[in-house]
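*Asks:* Quick one: the structure is below, questions incoming.
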Amino acid sequence: MIIYATAVQTINSFVKLESLKEVYGLIWIFVPIFSLVLGIITGVLVIVWLEREISAGIQQRIGPEYAGPLGILQALADGTKLLFKENLRPSRGNTPLFSIGPSIAVISILLSYSVIPFSNHLVLADLNIGIFLWIAISSIAPIGLLMSGYGSNNKYSFLGGLRAAAQSISYEIPLTLCVLSISLLSNSLSTVDIVEAQSKYGFWGWNLWRQPIGFIIFLISSLAECERLPFDLPEAEEELIAGYQTEYSGIKFGLFYVASYLNLLISSLFVTVLYLGGWNISIPYISILELFQRDQIFGTTIGIFITLAKTYLFLFVSIATRWTLPRLRMDQLLNLGWKFLLPISLGNLLLTTSFQLFSL
C-alpha cells in the first residue's frame, strides 16, 4: 500500500508539473505579442507628437504644450477623449458593415508587424514568404475602408471608400514589383534574409544604392498606400468632408486615426528593412554581429535602436512631405500610378532579372 500511495503521489506531482509547464508555455507565447503591441502603441504616440511638432515648426506656430511636458501626452489625451465619446450610427446605414470596417482596417495592418525584424532574429514570425505576407495582408485594409464607406449610406463616405480602393490597386502593383526586385537581389522572400544580404557589403551593400529607382518608386507608393498628402484623396476635406470617416465618431473614428499612423509606421519599417539595411550599423571596423556574439542583450538593444533611428528618419521625410506638397487631383493620381510608376517598376524588375541572370 505504501508503494502504491507513493506511486500515486509521484504521478499526481508529475501531472501538476506538466500542467504548470503548459501554463508557463502559454504565458511565454503572449509575452512577445504583448511586448510588440506595447511597442507599436508607443511608436504611434511618438509619431503623432512628432507630426504636430514638425507641422508647427514648418508653419511657424506653437505646437501642443499643455498635455504633459512639451505636449508629449497630447495624443493620449485625444485618444481618451474619443474613447468616452458616443458612438453614433447612421439610421439607414448597413450596421454590420459600418461596425466591422474600422476593425478590418486596423487588424490587417497590425498583423503586418509580425514579420518585421527589429534586430538580429528579433522577429515575431520569421517566415520564408514574410514580405509577400505583408503585401497580402495590407491588401485587405482597403476592403475595410470600402465597407465603411458603403455601410455609412452617405455619398461622401461611399465616394471616399471607392477612392481608397482605386488608389490602393493603382499603387499596390508598383510596390509589389519593387519588392520582387529586392527578393531577386537577396534570393529570398524572408525579411531577415533580406537584411542579412545587405549586411555582407556594409553601407554600400544597402539596396538603396543597388536599387535607386526601386527605392523612389517604393517611397512614392508607400505614401500613396498610407493616404498621406499629396495622396490623401479618399479623405479630402474640401471635397468629401472626411471621406469614409464622415459618419464615424468616438472610438470607431479613433480606430481610423490609429490605422493611418500604424500604416505609416509599418511602411517606414519596411523601407528600413528593404532598402536601408535594417539593424545593420554599416560603419567600417564595427560589426553588429560581433556585438551580438559578445553580449546578446546589448547587441539586440543596439539593433533595435538602429532600426528605429532609420525608421524615424523616413518618418520625418513623410511628415515634412505632408506639409509642403499640394494635393493631386484624382486623375493625376491614377495617371501617376498606371502610366509612370507601373512601367518604370516593371522595367526595373526586368533589368534586375537580366543582371541576376548574367551574373550566374
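Keep in mind that glycine also has a Cβ here, set from the backbone N, Cα and C atoms.
What Swiss-Prot records for this protein is below:
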TRANSMEM  27-47  transmembrane segment
TRANSMEM  98-118  transmembrane segment
TRANSMEM  129-149  transmembrane segment
TRANSMEM  165-185  transmembrane segment
TRANSMEM  203-223  transmembrane segment
TRANSMEM  253-273  transmembrane segment
TRANSMEM  297-317  transmembrane segment
TRANSMEM  340-360  transmembrane segment
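Describe the structural surroundings of these features, if you would.
*Replies:* Cβ atoms under 8 Å from those of the transmembrane segment (27-47) belong to residues 75-76, 110, 113-114, 124, 258, 261-262, 264-265, 308, 312, 315 of the same chain, restricted to positions at least 6 beyond its ends.
Distant neighbours of the transmembrane segment (98-118): 36-37, 40, 89-90, 124-127, 130-131, 133-134, 137-138, 140-141, 143-149, 151-152, 191-192, 195, 244, 247-248, 252, 255-256, 258-259, 262-263, 266, 269-270, 273, 278-279, 303-304, 307-308; these residues of the same chain sit at least 6 beyond its ends, with a Cβ under 8 Å from one of its Cβ atoms.
For the transmembrane segment (129-149), same-chain residues at least 6 beyond its ends with a Cβ under 8 Å from one of its own Cβ atoms are 97-98, 100-105, 108-109, 111-112, 115, 123, 157-162, 164-165, 168-169, 172, 175-176, 179, 182-183, 189-192, 194, 225, 234, 243-245, 248, 256, 259, 263, 266, 270, 274.
Tertiary neighbourhood of the transmembrane segment (165-185): same-chain residues 131-132, 135, 138-139, 141-143, 145-146, 194, 197, 207, 210-211, 214-215, 217-218, 220-222, 224-225, 227, 231, 233-234, 274-275, 333-334, 337-338, 341-342, 344-346, 348-349, 352-353, 356, selected by CB-CB distance under 8 Å and a gap of 6+ residues from either end.
Using a Cβ-Cβ cut-off under 8 Å and counting only residues 6 or more beyond its ends in the same chain, the transmembrane segment (203-223) has close neighbours at 171-172, 174-175, 177-179, 181-182, 185, 194, 197, 231, 267-268, 270-271, 274-277, 282-283, 318, 321, 336-337, 341, 344-345, 348, 352.
Proximity of distant same-chain residues to the transmembrane segment (297-317), defined by a Cβ-Cβ separation under 8 Å and at least 6 residues beyond the stretch ends, is recorded for 43, 46-47, 50, 54, 117-120, 122, 264-265, 268-269, 271-272, 276-281, 288, 291.
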